């Protein structure tokens, strides 16, 4: 490699230092390629990451997982898993994206043999985007339903209610005399959700979807329209929308928290939420649950973090941003638990039942329990509107990331054809995913949503993350990856990150994967058990994303020449144009490897631009020196 660089430096070139600043090309003053698009400000990236990570799971999964796995004691494994698994993988994804300025598919120029990992990522994200936007459609439905003086799920007596319906006013009146047996009754909010919104009684199961619910269909169309308009101009438009969608949920969350803790019986719910049960820490299940919460709440493996970082400037301080986002995400989850369980404590006191009988997770909390709690408050439509508006903004941020990931991945693969038509291509993707999501708007659509939720991003996503970790550290090389980060940020990752990337993070992910396989349970929704063919279909969804990896290997090997082992070796090496996207950022082995490159040393471009050597140029010189020393060592061997 040293010999190649020396040959290149002997070519006659015009010294860049002799060129006056006024005569330089306009392109050299740009830090990011304009045709690809980039963030217009540093806060765009930070808020987009916060909005992406802080989603619906922080509100409807973390509080439930905390109280069922030891209460306050759950925070111990939660933060340990955040340190072992969450922060290192988060930083790795950001580093890969920012260093290469490429999406989840093109970034595998780092090792073309494993390009199937990127294909698996896109498949997973596409499946998740289909059902995630359906959840946003449900939120829109409830948001519009809250625009009334009396919430429609407040009382029984509507056409969708049955004789089992019993509202809290009757329960409260009954508690004054004799206890009311509520075991065989249903709340008005639960019947509103299942019999009116879903109209699930019109379907006998997943094989009988029934008719399309046109009100849900229109809400789904509206949600896709909102998403498209926000990503119309890529990160330049979505980067501005997140200034509202990433910050406003915190305002609503604080309002709900203040209102919740001032309710009678609120402390009962908070105590139930946080009372530590340290004996739970001896159970492996608690540690697995903590790792799963970290894994999914940070959104690692979905390609969104890598995509967002690819629009950064080359020297953006993603090390600092990693800690801001990951710790902010954890704190938000804890605060959301206070807001949720304070209201559930009030609700349990009103109903005269224990907190564990009203606490639920997932859609059951968002569309049944919490709406029922809202009916017990003064100005219930106002608080209901705020709650669902918060869920809307939380969901949209994550959906922006999913769509930007898909669009960026494909346009980076075909930049000359698709980048000029990015808006049209985005519209095609949105329309296609909307049409595929129509089955979720049917009377049996909830069964399909549960199937997608259980299998689309299950073990397949873990395989993708494990493979990414192993390829970067074992195939590409930990030393080389740390040098890339050094070139980009001015310092190398410390022993903590290297230990996690090499051993701790992959081992934890492997434990999660094995646990999920060993503890596999068939999908269910309430009392409904999914048929065998549906289970097989779900497993195939997960397996297909894994199969993308060997399929990509076969394609990469066939494109090389030589014996099989020689082909594998060649395909596993970084592509010739792997590295920073701008010539001025390419040093060491990355010098002049871009197509059409003429400058013998990108360092000179920096000197011409700044009038001297900056800290980043010093870093470039250090990296060059280290690589030359390594080349000398290799030649001696």
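Every residue gets a Cβ built from N, Cα and C, even glycine.
Lifted from TrEMBL, the feature list:
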BINDING   51, 54, 58, 297, 329, 394, 397, 398  Na(+) binding site
TRANSMEM  75-96  transmembrane segment
TRANSMEM  117-144  transmembrane segment
DISULFID  156-165  disulfide bond
TRANSMEM  241-258  transmembrane segment
TRANSMEM  290-311  transmembrane segment
TRANSMEM  323-347  transmembrane segment
TRANSMEM  382-402  transmembrane segment
TRANSMEM  423-449  transmembrane segment
TRANSMEM  455-476  transmembrane segment
TRANSMEM  496-518  transmembrane segment
TRANSMEM  538-558  transmembrane segment
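Distribution of TrEMBL features across the structure.
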residue : record             : Cβ contacts under 8 Å, 6 or more apart
51      : Na(+) binding site : 242, 245, 246, 394, 397, 398, 400, 401
54      : Na(+) binding site : 246, 249, 328, 329, 332, 394, 397
58      : Na(+) binding site : 297, 329, 332, 333, 336, 394
156     : disulfide bond     : 165, 166, 167, 188, 191
Contact call for the transmembrane segment (323-347) and the transmembrane segment (538-558): at least 3 Cβ pairs under 8 Å, seq gap 6+:
no
Tell me the Cβ neighbour count for residue 397 (Na(+) binding site), meaning other Cβ atoms within 10 Å of its Cβ, over all protein chains shown.
25
Position of peak Cβ density within 10 Å, selected from the recorded positions 165, 394:
394
Can you see whether the transmembrane segment (538-558) and the transmembrane segment (117-144) are touching - at least 3 CB pairs under 8 angstroms, only pairs 6 or more apart in sequence?
yes
Surrounding CB atoms that lie within 10 Å of the CB of residue 297 (Na(+) binding site), all protein chains:
25
Same-chain Cβ contacts of the transmembrane segment (382-402) under 8 Å, 6 or more residues past its ends?
48, 51-52, 54-56, 58-59, 125, 128-129, 132-133, 135-136, 139-140, 142-143, 146-147, 151, 223, 226-227, 230-231, 238, 241-242, 244-246, 248-249, 252-253, 255-256, 259, 299, 302, 304, 307-308, 366, 370-371, 374
Is the transmembrane segment (241-258) packed against any residues at least 6 beyond its ends, judged by a Cβ distance under 8 Å, and which are they?
43-44, 47-48, 50-51, 54, 230, 332, 335-336, 338-339, 342-343, 383, 386-387, 389-390, 393-394, 396-397, 400
Using a Cβ cut-off of under 8 Å, list the residues of the same chain at least 6 residues beyond the transmembrane segment (75-96) that approach it.
66, 107, 110, 281, 286-287, 289-291, 293-295, 298, 300-301, 305-306, 308-309, 318-319, 321-323, 325-326, 330, 334, 465, 468-469, 472, 481, 484-485, 488, 493, 496-497, 500-501, 504-505, 508-509
Once 51, 54, 58, 297, 329, 394, 397, 398 are set aside, which residues in the chain still have Cβ within 8 Å of the Cβ centroid of the Na(+) site?
50, 52, 53, 55, 56, 57, 299, 332
